[in-house]
Amino acid sequence: MQKIKEGYRRRHDYIIPKFISFQSGYLDFSFYQVSLKNVKYLDLSSYYQLHAPRRFRKIVEYLNLSYGQLLTLGTLPKYVMSLDLSSYNQLFTPGRLPIRVSLDLSSYNQLFTPGRLPDTVDYLKLSSYNQLFTPGTLPNHMVYLNLSSYNQPLTPGTLPNKVKYLVLSSYNQLLTPGTLPNNVKYVDLSSYNKLLTPETLPNKVKYLVLSSYDQLLTPGTLPNNVKCVDLSSYDKLLTPGTLPNNVKYVDLSSYNKLLTPRTLPNNVECLVLSSYNQLLTPGILPNYVKYLDISSYNQLLTPGTLSNNVEYLDLSSYNQVLAPKTIPNNVKCLDCPSYKQSLISETFPNRVGDLELSDHPKHVNDNWEIIKPQKNISENKVYYTTKHKNAKIIDVLNICKCSLKLYGYVKDRNNEFNIYFEYIDKAIPLSRLLEKLNKKEQFIVATEIIKSIKSIHEMGIIHFDIKCQNILILYDENEKMLPTDFIKIIGFDHSTLDSEVNSNIIGVTETHMAPEIKLKNGKLGYKSDIWSLGCTLIEIVGGNLKLLDINGIPLIPDHLSNLFKNTIQHCLQINPNARFNANELYNYVIKDSIMEPIEPIYLPNQCTNLPLFNEVIVPSGFFGIKYLELQAYNQPIDSIFIFNGVEYLILQSFNHPLGPGILPESIKYLKLPSFNHPLKEGSIPRSVIHLVFNKFNQFSLDEINLILPKFLDFGDAFDIEKYGILIPEDSILTLRTGFTFNQPINQRYIPSSVTDLQLYNYNLKILPHSIPRSIIMLTLGSNFTHFESLSNLPSSIINLTFGFKNNFKIAELKKYIPSHITSININGKIVNFKKSSPLNTFNQSTDNILNNNEHFKEDWEIISTLGSGNFGKVFKARKINGIINGSKVSLCAIKKIEKKDKLKIKLSTEVEILNKLKDNEHSMKYYGYGYDEDDNLFIYTEYIEGSTSISDLIKKKPNNRFEEEEIKSLMIKIVKALSKIHESGVIHRDIKSDHIILAQDKNNETIVKFIDFGLSKQIEKNSKYYSFVGTDSHMAPEVKLQNGKAGSKSDIFCIGCTMIEMAGLNLCHSERDDKGIPSIPTHLSNSFKNIIQNCLKFDTNARHSVESLIITLSNIQIEGDSVFEKYLSPNLKKLELKTNEPILLGSIGNEINYLSLPIYNQMITPGALPPSVQYLLFNKLNQYLECDSIPESVKYLDLGNEFDIEKNGINLSNESILVLRCGFNFTQPVSQRLLPYSVTDLQLYNYNINLKRNSIPTLVTSLTLGSNFTNIESLSFLPENVNSLAIGIKDEDEKLTKEIEKIIQTKKSITSFKINGIQRN
């Protein structure tokens, strides 16, 4: 800890990550002088004290805390969503826990009484609790409940009805109908052994654990929907109909009563009868069973007894003669260790890939003898190494088919080992074959690798360096992969025996290294190989091991099958105990469709893909996830299904109706490929920016009030000719559809707000006025041939994309392209009709300075250093003889790249880019390159005397900044120059003031030139760039995240940063928000602030394009900035502003503390309202509020009558708000999660429905309710702190008044009470 403090004092820009784990000691937050606003997951699992906890009250969402002292009010962060207090066992009092939290109290065993737990808790783990529960003790919203030690009587109503996942593994009290919640789907009653009657178990149960149950079961006792049942102790007679027809997994491990046909349901896929030894005849076992365990069976099997669908078969005790075809043909894995009968070739099917038999009397294999080493082994090739960790390992490997034979080893005179191995002529490292394997071969190789690692582990060996380079593939003489045993594992340099493993493993491949090896936490073992195996499988299928999620786990490629994805996912678990071992992994691959009940687990990962998930949903399982993909899920969902925090949601197979409020308001990207139900108002969250359908094809008049996102992709199915006229206006900016048009498009199909229209299957004529004038970018079909109709395009279009498949030459199309179109993409290529296409590859002629590409120092005079670029310095130099490339040009700019830096870049990068741009007037002319005698690289470009960089000009300016008019004038030239660079097919990727040069052309006009193309990239069709390159202070978010979205818009982000530079702000030391977006100088006009803001958008689709930025800069008016300009007076304190124009950044003075916006109803951009406002009043506002829309300074907030707090107020979490007024007409009981925790005066003057327990924040002292409040009994749920209450009733009902007064008398804390505005005693 002291080192952290000292490091912080040395460097004030110390960065706190989003995930913090402290492993021991005492945590003192007092040394942090920075905000912990980025910390989302905080692991304090070994800390035993807390000091200054308010330092992280607001920002931590996931807290793991080993804390045994009494919790006091305010100790825990207010907005924690998942809280691990697994060691806590002190008494809770109301208000000590956060208002909405997933809670782990594994050690807690103090008495709970009603009201001690927040009503919003939906995940509760009380695995040590064994005190009697009474009805109302547990919150009604509970979905996951773990009471694994509980064994007190339960009565109907004790458990919350919404519970879906229930663990009562110690419970053995009599259950009666209605005791278990009706909605429960997973029930663990491992210890239960009381008689069950029909209707005791709820009908919705799908997973049922009754592992101790041995009472007689009768038809109807088990629910009809059960899919998985554990009856591992059951040994009473089963009759037909006892087990439900839908069951797929049955564990009858102890059962040994005679089975008759139809006793077992035909749909069973996994059947465990490990004690069964009664005669089996054809028709007894289910026809669809795939996994069959009859490991005690030793009666004669005949052909037809076992189902043809069996793939995994355990016959561990079987030793009767096996006739041909007795074992089904589909069996892949067969366990027969007791079998000692004679074998013929037809005994086992050809598909059996894993066969375990006993030692056969005729089995002899002399090939496994160790041959003593000789001094010369001429007939074998020899591998030589200086490393040899343990000879015993190599001795053991001589009996393992998946490793090379060892011939021996000797020490030479230098005491180094010479190890002699088998050499196989037809063996190729897997790393050299990756691009040649098809999908089927990839899976076959993966299965064989798993099998080989299983063999190594069974011999007690841990490899520690599994990767493609250490795996050999064996081929036959025809260069075809051997049918079996074609894998050889090599590279045992780091290996150890299991009995000798230690935590100090060094030198293994970092990209494949398991977390426990990096952490040296003592958890090394066989599971470390499983992690490396997962990384190797990603290698095999073409994945990139450098692409990691927030926890450092490699991302699994999307194109894989569900089985392949799940196999890798079972390998790449942070916790070694959660990984499969090699045997489990091999069995999983062989019997991929076996269903097992999986307990919902805590997932802090921000990126989660559950390809096969289609069962019980537990919200706590999704806490912390920002990216959630469920490929197979197709069940109805409700509002608690997905945790509020998910930003990217993909429901690949989902096709059920969506109601208002079902999906959380945090979602920004929503993909519903299979969805085809009517959309209702509020069914698509307002936070969604990007919405993708594929099969959606309906719209009605009821949907015209929908607010749809800015980017909408309808896919191929949506009939835009039929429904297009009903699409809501004014919200969609980008519209994408693959509909195949039957007639020319009509502009009434397209909303007037759309600026980017993508009709990628439109190949018909374009009629006059058929495309709206709002369109700036247009994409047409891949076989568009009506070129003459392009003249009908509106003049607003500047970007056009289309394709064609006929014999037209692109050059012939020039006459059809309207002059207002500046960017053209044809068949995936950017076309420039104004100039001949630049050279495409570096291999073409480059007019180099020297034919042999050599650099001689004596030929050059270095005049001065111009600067340092990426990977090299740049010098101003003179050629001694005054001739460069045959011309009389003496001055030159030379970039020197050291040999060591040359390894970081490819020569073909900067040289090829410069060569490609040699005819582009906005880059320095390229002369050539050369190497000196030390192999340093020199790149020669034009030098223009008198030229200067933007950064040098900034230094010469007063206060080191340009005036706005100067920035505007220069930026128009800079962006136009950038458009020419992009037209040449190049993205710069490192634009900043240092790399922009101003020079004079022949006409003495200022011309912009870009330099330092060392990090540039050529634009290619369908390219996704993942490289982490550029200057950090100017780097776009998508480049830092390496998410494949980097492209030409990344240069626009750099332009925005450069404008900030020119305005006088040092980006290296500027403040940034949570997404890394730099702050904008406050002295700029609102118009300029908004231009920069639109360059710095996190979402690349929302960012300016080159074309739109040129237009916006050209139209900007520096003076008379906006209607708000007159309100910038620093002396103005109180302001009533009657306007409905969007409020721009900085448009309202920072001294205003009272702000009234009576008619305002626009989105409030975070930061638009001044940070000085304390009193904020609205009347017409009804827009979604983002996290920072309301300044932290606001103490009094009046939301007026229009604001729908149920839909738009989820982020209303300011701790500063003390008084909140809202006239919203609630349709359902208010929830604490909608109200600021800090409110003391709450005025809900149109609230006339019932109150629920814990629905009002505990700090509220003054409460105002509606004018027709009749739910009198619910007033008993008021918090204890309320001392002032005002309500209204109609018609002065005396009876109602007396009832109210009677309840108020029980609330001793209430000292002031009003009905209809009249004070009551």
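Keep in mind that glycine also has a Cβ here, set from the backbone N, Cα and C atoms.
Taken together, the residues in the repeat 'FNIP 1' (108-149) have a mean pLDDT of 83 on the 0 to 100 scale. According to Swiss-Prot, the repeat 'FNIP 1' annotation covers 108-149.
Residues or ranges marked as repeat 'FNIP 2' by Swiss-Prot on the basis of sequence analysis: 150-191. Same-chain neighbours of the repeat 'FNIP 2' (150-191): 126-127, 129-135, 137-144, 197, 199-202, 204-213, 230, 597, 599-600, 615-618, 640, counting only residues six or more beyond its ends whose CB sits under 8 Å from a CB of the stretch.
The repeat 'FNIP 3' annotation in Swiss-Prot covers 192-233. Counting only same-chain residues 6+ beyond the ends of the repeat 'FNIP 3' (192-233), those with a CB under 8 A from a CB of the stretch are 168-169, 171-177, 179-186, 239, 241-255, 272, 595-597, 615-616.
The residues of the repeat 'FNIP 4' (255-296), classed with DSSP into helix (H, G, I), strand (E, B) and coil, number 0 helix, 6 strand, 36 coil. If you look up Swiss-Prot, you'll see 255-296 marked as repeat 'FNIP 4', on the strength of sequence analysis.
Marked as domain 'Protein kinase 1' by Swiss-Prot: 295-595.
In sequence order, Leu285, Pro286, Asn287, Tyr288, Val289, Leu292, Pro328 make up the list of same-chain residues 6 or more apart from Ser307 (ATP binding site) whose Cβ falls under 8 Å from its Cβ. As annotated by Swiss-Prot, ATP binding site applies to 301-309, Lys325, 866-874, Lys895, with the evidence given as similarity to another entry.
What Swiss-Prot records for Asp465 (among others) is active site, proton acceptor, and it gives similarity to another entry as the kind of evidence. With a 10 A radius on its CB, Asp465 (active site, proton acceptor) counts 22 other CB atoms from all the protein chains.
Taken from Swiss-Prot, the feature repeat 'FNIP 5' covers 654-696, and the record attributes it to sequence analysis.
Taking Cβ pairs closer than 8 Å, the repeat 'FNIP 6' (741-783) reaches residues 716, 720-721, 724-725, 727-735, 789-790, 792-805, 827, 1105, 1107-1108 in its own chain, all 6 or more past its ends. Among the features that Swiss-Prot reports, repeat 'FNIP 6' is placed at 741-783.
What Swiss-Prot records for 860-1128 is domain 'Protein kinase 2', and it gives sequence analysis as the kind of evidence.
Among the features that Swiss-Prot reports, active site, proton acceptor is placed at Asp990 (among others), with the record citing similarity to another entry. Under the three-state DSSP scheme, Asp990 (active site, proton acceptor) falls in the coil class.
Residues or ranges marked as repeat 'FNIP 7' by Swiss-Prot on the basis of sequence analysis: 1160-1202.
Among the features that Swiss-Prot reports, repeat 'FNIP 8' is placed at 1224-1268. Sequence-remote contacts of a segment are chain residues at least 6 beyond its ends whose Cβ falls under 8 Å from one of its Cβ atoms, and for the repeat 'FNIP 8' (1224-1268) they are 78, 94-95, 99-100, 114-115, 118-120, 139, 1199, 1201-1206, 1209-1210, 1212-1218, 1274-1275, 1277-1290, 1316.
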Long-range neighbours of the repeat 'FNIP 7' (1160-1202), counting only residues six or more past its ends (CB under 8 A): 665, 686-687, 1137, 1139-1145, 1147-1154, 1208-1209, 1211-1224, 1246
Sparsest-packed of the listed binding-site residues (Leu301, Lys325) - C-beta count within 10 angstroms: Lys325
Chain-internal residues near Ser868 (ATP binding site), provided their CB is under 8 angstroms and they sit 6+ positions away: Val874
Largest tally of Cβ atoms lying within 10 Å of a Cβ, found at which of the recorded positions Gly304, Val874, Asp990: Asp990
Residue from Leu301, Gly304, Lys325, Asp465 whose C-alpha is spatially nearest that of Asp990 (active site, proton acceptor), among the recorded positions: Asp465
Asp465 (active site, proton acceptor) versus Leu301 (ATP binding site) - Cα distance in angstrom: 44
DSSP-derived class (H/G/I helix, E/B strand, else coil) of Lys325 (ATP binding site): coil
Separation of alpha carbons, Asp465 (active site, proton acceptor) and Lys325 (ATP binding site) (Å): 42
Local backbone state of Val874 (ATP binding site), from DSSP in three classes: strand
Per DSSP, three-state class assigned to Ser307 (ATP binding site): coil
